[in-house]
Amino acid sequence: MSTAMDDPDVLAEKKDINENMLGGKKVKIIFVLGGPGSGKGTQCSNIVEHFGFIHLSAGELLRAEINSGSENGTMIDTIIKEGKIVPSEITIKLLQEAIIKGGNDKYIIDGFPRNEENRAVFESVINISPEFVLFFDCSEEEMERRLLGRNQGRSDDNIETIRKRFKVFVESSLPVIEYYESKGMVKKIDATKPAPEVFEDVKAIFAHMA
């Protein structure tokens with residue numbers, strides 16, 4: 001016996017709702033992951049310049065919300081200072097709005113998904129899987145050296161918070177990388193090398209997407 005959910009019109013409406021989570025846009029998305037200080041931001045800027053992607057940083061979107069002075073921003077600030085991960089719904093909503101507003105069909109999303117829940121909620125809500133995951137592999141010693149030396153005035157660039165962030169990355173983000181590795185979707189780069197050498201490796205991966 002058929003139900004209302006089996007009705008073709010109902011199914012079509014449900015499909016349209018999923019497809020319109022990005023305002024009906026058809027986009028290609030690449031997730032960019034790596035520990036704090038692995039050089040993701042620098043390489044994302046290079047990818048934008050050379051391959052025409054729009055760069056979305058989950059961290060920058062969250063910081064912009066903090067700087068807006070909203071109640072939501074105050075809550076996000078407290079969570080980040082404690083070295084914790086912001087709830088998926090908040091981050092995904094910010095990403096969704098940014099993609100809808102963006103005038104492009106190719107996006108690199110930097111620092112996301114931060115955990116398995118992020119990944120599952122994004123793919124379910126936005127209804128898109130990434131083309132692949134770009135993983136910048138870097139030792140904690142090198143990342144710590146870079147973070148302490150960059151002096152950007154960020155409230156989370158102190159040794160105690162940096163080490164909390166490393167711990168969160170290992171516990172939460174590595175399972176995401178392992179999930180995508182099991183599907184053959186991870187492209188790993190040695191990020192301990194100087195930035196120009198790292199970008200040569202990046203270019204080899206993106207050459208077919210110019």
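Cβ from N, Cα, C; glycine included.
Listed in TrEMBL for this protein:
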BINDING   GLY37, SER38, GLY39, LYS40, GLY41, THR42, ARG150, LYS193  ATP binding site
BINDING   ARG63, LYS84, ILE85, VAL86, GLY111, PHE112, PRO113, ARG114, ARG154, ARG165  ribonucleoside 5'-phosphate binding site
BINDING   ASN118  CMP binding site
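Cα-Cα distance from THR42 (ATP binding site) to GLY111 (ribonucleoside 5'-phosphate binding site): 13 Å (rounded to the nearest whole number). Within the same chain, residues at least 6 positions away in sequence whose Cβ sits under 8 Å from that of SER38 (ATP binding site) are PHE136, ASP137, CYS138, MET143, ALA191.
Looking only at Cα atoms, GLY111 (ribonucleoside 5'-phosphate binding site) sits nearest to LYS40 among the binding-site residues GLY37, GLY39, LYS40, ASN118.
Within the set of binding-site residues GLY37, GLY39, GLY41, ASN118, the entry lying nearest in space to ILE85 (ribonucleoside 5'-phosphate binding site) is ASN118 (CA atoms). For LYS193 (ATP binding site), the count of additional Cβ atoms within 10 Å of its Cβ stands at 15 [all protein chains shown]. GLY111 (ribonucleoside 5'-phosphate binding site) counts 23 other C-beta atoms within 10 Å of its own C-beta, drawing on all protein chains shown.
Figure note: comparing Cβ neighbours within 10 Å for the binding-site residues THR42, ASN118, the maximum is reached by ASN118. Separation of the C-alpha atoms of GLY41 (ATP binding site) and ARG63 (ribonucleoside 5'-phosphate binding site): 15 Å, rounded to the nearest whole number. The separation of PRO113 (ribonucleoside 5'-phosphate binding site) from GLY37 (ATP binding site), Cα to Cα, is 17 Å. Cβ contacts within 10 Å of GLY37 (ATP binding site), excluding its own Cβ and spanning all protein chains shown: 24. Closest to LYS40 (ATP binding site) in space, going by CA atoms and restricting to the binding-site residues ARG63, PRO113, ASN118, is PRO113. Comparing the Cα of the residue listed as 'CMP binding site' with the Cα of every entry in GLY39, ARG63, LYS193, these being the binding-site residues, the smallest distance points to ARG63.
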